[in-house]
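Enquirer: Please read through the structure below; I'll follow up with questions.
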Amino acid sequence: MIYSLLEIIGSLGVFLFGMKTMSEGIQRTSGERLHAIMNFMTGNRFAAVFTGFAITAIIQSSSATTVMIVSFVDAALLSLEQAIGVIMGANIGTTVTGWVVAMLGFKFNIITIALPTIGIGFPMLIIRKWNKEAWGEILTGFGVLLLGLNYLKLSVPDIQNNPELLQFLSNYTDSGFTSLIMFILVGAVLTVLVQSSSAAMAITLTMAHAGWIDIYTAAAIVLGENIGTTITAFLASIGAQVNARRAARAHTMFNLLGVLWMLCVFKPFLHFVEIVVPGDMFTPAGIPAHLAMFHTMFNLVNTCLLIGFVSPLEKLAVRLVRDEKQEEREKYTLKYLSSPLHETGEIKILEAKMELSKMQDILQDMFSSFLDILPCSQEEESSATLTSLEKMEEYTDQMQEQITRFLIECSRDELNKDSATNVNLMIRIAHEMERIADSCFTLGLLSHRRNKKAIALSSDVLQNLTPYTDLVQQFMAFNKSHLNAPLSEKELLHAYRIENAIDALRKKLKKNAQTRLQKGADVKGELLYIDMLQHIEHIGDSCLNISQALRQYH
């Protein structure tokens, strides 16, 4: 008994390893496509559903998709409503794996497919000069996945030779609605344990094909797996922003609502599946295809029923997860949001981009804080703002350090050429952002010094700074809106125009200050003013460096 259990666990390990390897290869070859699909998701809810389906079909992991969505919401790159649509699509996309297992795992001699696939993929994986490592991972991973499925089939004991097991299962499958609820719970727990709904589906199909469970029990387990798969996103949302936690709750509610209505029409729905799919669903050989169709139809119908209720779902998620007062920024910790089973360099890069987006938000807050105290003449008020700026500056220092360390870790992964280039560019961007934070803090320090020492600067002189600071704010907002995609040549020219305008205005304002000095203006005030001009220009220079890096993005 113990040996059989170890065989099953080992077979599952081979299956999961193959799936992980294949998923990593797919993500490496489709990194750019993932970015394009992510940009498409900002459309309507139907576009969001299609996006979720496409991403999950590409990377073969609904868990990785939903974790990615939670992290996008956390970075404010995706609204809660859009996230719910993407999650709906991810539920449909995950059914593709079930069809692969059902069609290839039980209708053919898997070894005749698996070994040649590994034979083609493995040389591509180890011969570096071919530059086909990612494709080698895909083929080798797929072959190993099929091998794992074959071992899983062979390791599951024949029910006919285990009458005591048959009797044990009969005791729990003949209790009507109670059995249904129990096996839904079994499916949920199974998915949580293996951390993969695809692996849980493979186990369910294998048990059904071996005659352990009938179609009703198998379908109930599949419903439970739909609930269990929400746990990954839930765990990823812990410690995230309020909207990310709401997205995870919406995922759970969507899947739970689907299971609830399915309980009301469970047997009629299965009999409808029997009409659609040829063959007898009550025989072990016929169950896999019927179960895969049940899984697909359930998720399709659930999405069609609830896509019109995205807004109520969003409101319910908002009510369930209250927006607590945000804590003051003190210590930064970079969250590793990827699922360990599906973490690749490409997914890590997406996460790092989101962290850079958060860092840019802080920089804009810092510059706005400086502008708030610029006309202020009260030392106490400027002192409080300076304290806040100092904390934000320390926070950005921590961000730069941890993001850079994270990106260096990414560079140790096997990245494609474009992703490796992007990692170096992002390290450069993080450095420029930290320089902007330093300049913002220095500007706050200069403003506070003016108030503390009562240095004279007329309101007209300060008012003349407005067009200058407006250009810098415009430049920072421009970079923020382009952090996740390469700049076009036209957009880079626009960045140069902003920088040239900043330089021209600085020269004009500095010349005006020198003229005022010649006419007897306060020396301390005008020198402090010139210092401010210089540090504001430094921000513009760093913004241009960021734009140049974004132009080289792939």
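Glycine is no exception: its Cβ is also placed from the backbone N, Cα and C atoms.
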Enquirer: What range among 108-127, 228-247 does TrEMBL record as transmembrane segment?
Expert: 108-127
Enquirer: Of the ranges 1-19, 134-152, which one does TrEMBL list as transmembrane segment?
Expert: 134-152
Enquirer: Looking at 83-102, 423-442, which one does TrEMBL call transmembrane segment?
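Expert: Among 83-102, 423-442, the range TrEMBL annotates as transmembrane segment is 83-102.
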Enquirer: Do we see three or more Cβ pairs under 8 Å linking the transmembrane segment (83-102) and the transmembrane segment (289-310), pairs being at least 6 apart in sequence?
Expert: yes
Enquirer: Could you pull out which residues elsewhere in the chain have a CB under 8 Å from any CB of the transmembrane segment (134-152), counting only those six or more residues past its ends?
Expert: 7-8, 10-26, 28-29, 101, 104-105, 110-111, 113-126, 202-203, 206, 416
Enquirer: Near the transmembrane segment (256-277), which same-chain residues lie under 8 Å Cβ to Cβ, leaving out any that are not at least 6 residues past its ends?
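Expert: That would be 180, 184, 215-216, 219-220, 223-224, 226-227, 289-290, 293-294, 297-299, 302, 305-306.
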